[in-house]
Amino acid sequence: MTRLISADKSEDDLLEASLRPRALSDYVGQEKAKGNLGLFIDAARGRSEALDHVLLYGPPGLGKTTLANIIACEMGVNIKSTSGPVIERPGDLAAILTNLEAHDVLFIDEIHRLSHVVEEILYPAMEDFQLDIIIGQGPSARTIKLDLPKFTLVGATTRAGLLSSPLRDRFGVISRLEFYTHEELAFIITRSARIFGMAIAPEGAMELARRSRGTPRIANRLLRRVRDFAQVRADGVITREVADQALALLEIDDMGFDMMDRAILLTIIDKFGGGPVGLDTIAAAISEESDTIEDVYEPFLIQNGFLNRTPRGRVATAAAYRHFGRIAPEPPQGKLF
């Protein structure tokens, strides 16, 4: 079952192609990353050069794919999109690279999942725009260098720490994407509603924004579900009251937590005394993959002060206790003697 407020991609998000801005000037939020990219793009265009390689990292659903497409549009070049798990063999990458034209953008999503063997092929391609091809086997094998057109690699990852140092060091532009503010999300929601022909009140847009976990992908997904509710059970206009009723039906609370978020926090509080408790233990207790908890759920809980990550494990904060109407335990007092 697809988690409604998961920031992972789903079939429903194919509709987002029509919502994505095509220019940096239309892109909402991420002002620091947007400003830097705009400067570097203008400089590259002024010199008629390919843009330096770009690494975009941050939690899922914040606009990394959108920015990659905007880079290609702003540079006036084509974009070839793929993902790390799809490129299984060096030959797969070689086929992609040899089909690029001058200054094209190659977008690799989940670039941290590239195999070490594939990375070795990517190093000279990024640095020297050359492809090393081995012909033959054994002692008679020889390597020839194939020149590649100068291109821009845009890599996206939710786990920048898993990138090897040699790969990370070859990116000239590294930008971290942050969670969006409520005001930015309300603007995005209003724009999406206009594109879809929906009627939405400013208060309704802000209510959706507050519960979208700082993530545009979640905001657009919630907007489509609330639209269904407004169409069937209201007059078609998404007001604050309609949004509140629809989200209550979907079991999404005031903080944007769904059943999985509540399960994580309540497991730590009720079963493990508030923590610390290991990630694998939490995953086993709620029947979820530990990587999914770490990549998808934890960033929002940590940044909003509901969860602490310590060397001994995860700890529920006083804010988490208050959210569920519980009294946080007193911190242990150290003894002087």
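Just so you know, glycine gets a Cβ as well, placed from its N, Cα and C.
Since the structure is predicted, the reported quantities are computational estimates derived from the model, not experimental observations.
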Residue in Arg168, Arg170, Arg225, Arg227 which Swiss-Prot records at the ATP site where Leu19, Arg20, Gly61, Lys64, Thr65, Thr66, Glu127, Asp128, Phe129, Tyr180, Arg217 also bind: Arg170
Separation of alpha carbons, Arg309 (DNA binding site) and Glu127 (ATP binding site) (Å): 37
Listed in sequence order, residues with CB under 8 A of Arg314 (DNA binding site) and six or more positions away: Ile268, Gly275, Pro276, Val277, Gly278, Leu279, Ile282, Glu298, Leu307, Asn308
Which of Leu19, Gly61, Glu127, Phe129, Arg309, all binding-site residues, has a Cβ with the fewest other Cβ atoms inside 10 Å: Glu127
Integer mean pLDDT for the region 'Head domain (RuvB-H)' (254-337): 85
